[in-house]
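Working notes, structure below.
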């Protein structure tokens, strides 16, 4: 039991520790609430909190207090007390509170209930049980309460450890049930031999016929197990059970071993199963033989017993029916195997429910008539029913006894409670009676006082208010005094804070002085080094002699100082031992040696003679220089290593990226080369088609002259239509291309990978190239960019070729018609061609030499209608970008075929002329003009404008005078000069400026092109006689009439041929437009890639420059390292010389020790000040608590005043009652007056009647009497009325005074509340001030800690200096003999 209780207590402690968040072993209110919620004690939570914590919100409890309070609360809730008389009910309540853990048929496992014994055994063992229960009464109620909080985990653990014990419990209970049921012996008639467990077990063994020798074998143990319902045990389980019971290992189980194993849980008690486990042995084991004559008697007795009973109560669910499987299962438990045949023999269906009452009567009938098997089944049923009912009756009897005991205990407790409640009620009644009497007496006195002495009460109220006001004023003065004291303390704390800040400032100043002294020492050290390291010093020998003398003197002084230092150290240790421990400085060391802060001691002792002064500070500076040098060296080495690693990583990354870019560039270049080859093939095909068309045009030009006349307007009309369609289509294609290009550019602008791609394109295709090749590649790129104005060269070639073809046709036609007109026309051709070329070549590369023949090139390549001029401003940058891309893709020697095309055309034109001087023989001016006009420039615009204006202002389109070839050459030379000048400006300017100039040139030239195209279209629609000039009209009048018919036929034929050729030409133009658009897109892409390539090249150059700069810095750092190594060697040699001067440290050791003592004293003073601050803070907290208490007192006073105010209100209400009574009496008196008046009137009326009857004298007398009586009555009424009015006024004045008093009291209370609020605000302000003081104190403590840390650092440095002094002394002792010997 103790182990089980300890287990529960340990579980409770684990839950308790899980709620202990602070780890202190105590729980506050919140943590205790959380613990109760974990233990599912929501109902007991308020009682438990009140029991453990009370009304204190800051109280805490430990585990023992919680355990005691927890058990007490649970026991009080359950109605259980730790007493002798209710320990058994605790045990029964604890056993019945926990349900079984596992149910298997009729077996229940895991319950801790203890089966009750029979009444006789209980009566026999009641005395020892009471003794054992008395020994366990101290913890039974605790276990009952602790079992309620047992976790499921502990139940599962306990289940595994106590499984065997539970089985033994069930076995023990089954033994008793078997003993009572199978053999028909009721529990009340148990023999005395079965009073003990040993006798019961021995009796069972005798009944089973086993254990005759006092021991059980394995087979006999199997029989016993079958008898108690464990017939399903296998051989291995039986062997394990036998080995467990056989503790001595002799191969047998004795009675004591069996009893010990059976009652191992609690051997002092014979336990009984909490559930009814039916014995499963065969019915034949205890069946009464049929031969004996006891069968009928047994049956009759059973029938008589069961005549008023129903069978199958255990399986009856209240409906009177049961499943056949249930009946068969019950019979199989009783050992009857052929239950199905029995049911069928009794005419019951196996598939439907069985009526239990009919089955009972059938069995009852069959019990007397049917054979032995049916009788056995009936007997088994009756036996089972009787045993079940008997168990139920016994259980009810036990429950009745327990309920009776519980009722008796409850009645006892109720009696005690009733007594306590009677006492409480009596005391409460007495108190209430006393209070009521006291209140009645007080109210009576107050009523009497209010009725008689209202003025006195008012004075009393005024006096009370005055006293309260004085008390409040006194409280306010006291609080003001406390506030003044707090302010004084605050000022003191602020002063202390300022003082500490000043001390910190002084320490900082001292540190700055030490730094300045260090700088001074460094200068001295440099001076000494300069002086000492001079090899040509003349006084070196004399100085060594003086050094020897000085060393001897210093040795003597060192001995004296060391003796004195020892004496001071001894005195210091004595003083240190006398000091209290709590005032010791944390930075004190027992050896008593301290170091002075740098710069606080003397400057040192200098050497004699002419040598520079060398002090101890110089030595310190040398040490610092060495340390600084070492730090610099390590930092430099780390930086050098870091930069080397970075440079190596950069090189690796650069090589990797360069290889990737080379590969990607190779792939891109291969793709671009393939595209370029395709475009060249397409260009060659288009040139072939153009040449074929030109030849066809030349063939048609050699035909008869009338054919040319009819063909010209058709050609012009067809070409105008083609030009318009081509212009609209090309404009649409350009818009789409521009939209796609802008989208691609916006998308590609965010892709950094394009930059790598362009860089790869710029790299050479085979491995890394030297810088010379890269430079040459950049030059080539710049040259290609400079050749951007030649982007429209091929279009110019096509325009020139077409214009020349038209010109050849016109020349041939004019030659056949009229020689002079043809000559004039041929002379005008070069001029017109140049003028048109200069006016239109700059925008689209067009060169139409005659207005009538310019439609084809305009329709092909450069549409110039009004729509184009409207979009000139928006399309200018895109045309420039297309020209730039074409310039980048077209190689440098590309202009050669362009100049070759016009030369061929001029060579074809030469034989057609009349004279050799008419047509120029050199084609260079046209090539030059074409090349010059293609380049954009602002300087060319005035010339082009003047030429265009001159050509437009002429009176006629065809000039008859001849122009020599010299004028053409002059114009070509001027154009060549313009081209060179623009080339120079291009080389000087940037690419952006050139593009802007080109845009301006295009904008200036497009209106001319537009006017020209409109004029051409207008002329194409006019009749032939309006299109030609005056010479042409004169030529037409000279034609003969017979030739008109032939010319018409020939013209119709040529017209049909030209229509077919025009259709074919239109298809070719469409294909060329598609290819040109594709080529322009490719050129744009290539131009963009080339720009990105240039940017990446720039980045690459910058990265290389950075690498070169890093390499140069690396070389400089290496040089610095070498210089520092040399300096280090030099410093080592200098240190060997400076080590001789360490003797000067001995003079300053005493001063350092004194300074350390001073610092220790300052630290002790700081500690004392900190203690004072703590004391002041405690005082402030106490004063704050007093202020809070005073505030609480004032709140209590306010509550008292409120109570008095309520009393006054009640008195006012009580005064209102007499006021109402007085008003009622006044009304009654008024009614009486009215009644008197009525009576008076009646009396007067009667008197008048009597007067009439009475004589006049008598009447006069009566009048006088009546007047006298009336006056008296009036006086009395007036007096009564005045009295009533006075009373009313007095009551009204009292009420008003009471209301005034109430108002004054309310005002006073409000003033007090306001004052208390102000006081509370002041208290909060004082709290804030206290918090600020705490913060300042914390800052001061931190500053003190910092000073202490500095002091510790000074002590450490002093120790280091002492060690250095020792080492220097050793060095001096070694060096001094050598110096003296020299």
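Keep in mind that glycine also has a Cβ here, set from the backbone N, Cα and C atoms.
Annotation comment: Swiss-Prot describes 246, 248, 250, 252, 257 as Ca(2+) binding site. For residue 250 (Ca(2+) binding site), no same-chain residue lying six or more positions away in sequence has a CB closer than 8 A to its CB.
When averaged over the coiled coil (384-424), pLDDT in the model lands at 86. Annotation comment: Swiss-Prot describes 384-424 (among others) as coiled coil, evidence class sequence analysis.
Per Swiss-Prot, the feature coiled coil maps to 484-579 (among others).
Taken from Swiss-Prot, the feature coiled coil applies to 616-699 (among others).
Feature annotation from Swiss-Prot assigns coiled coil to 1046-1375 (among others).
The compositional bias 'Basic and acidic residues' feature in Swiss-Prot is assigned to 150-164.
If you look up Swiss-Prot, you'll see 991-1004 marked as compositional bias 'Low complexity'.
Sorting each residue of the domain 'EF-hand 1' (7-42) by its DSSP state yields 23 helix, 1 strand, 12 coil. The domain 'EF-hand 1' feature in Swiss-Prot is assigned to 7-42.
The domain 'EF-hand 2' feature in Swiss-Prot is assigned to 41-76.
The annotation domain 'EF-hand 3' is assigned in Swiss-Prot to 196-231 on the grounds of sequence analysis.
Annotation source Swiss-Prot lists domain 'EF-hand 4' at 233-268.
Per Swiss-Prot, the feature phosphoserine maps to 148.
Feature annotation from Swiss-Prot assigns region 'Disordered' to 144-164 (among others).
Marked as region 'Disordered' by Swiss-Prot: 857-969 (among others).
Taken from Swiss-Prot, the feature region 'Disordered' applies to 982-1006 (among others).
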**Request:** Could you give me the DSSP helix, strand and coil counts for the domain 'EF-hand 4' (233-268)?
**Result:** 19 helix, 2 strand, 15 coil
**Asked** Ranking the binding-site residues 248, 257 by other Cβ atoms within 10 Å, which is at the bottom?
**Response** 248
**Complete:** Quick note, residue 246 (Ca(2+) binding site): same-chain residues at least 6 apart with CB under 8 Å of its CB -> 252, 253, 257
**Prompt:** How many helix, strand and coil residues does the domain 'EF-hand 3' (196-231) contain under DSSP?
**Reply:** 22 helix, 2 strand, 12 coil
**Output field, Ca(2+) shell: CB within 8 Å of site CB centroid, site 246, 248, 250, 252, 257 dropped** = 215, 245, 247, 249, 251, 253, 254
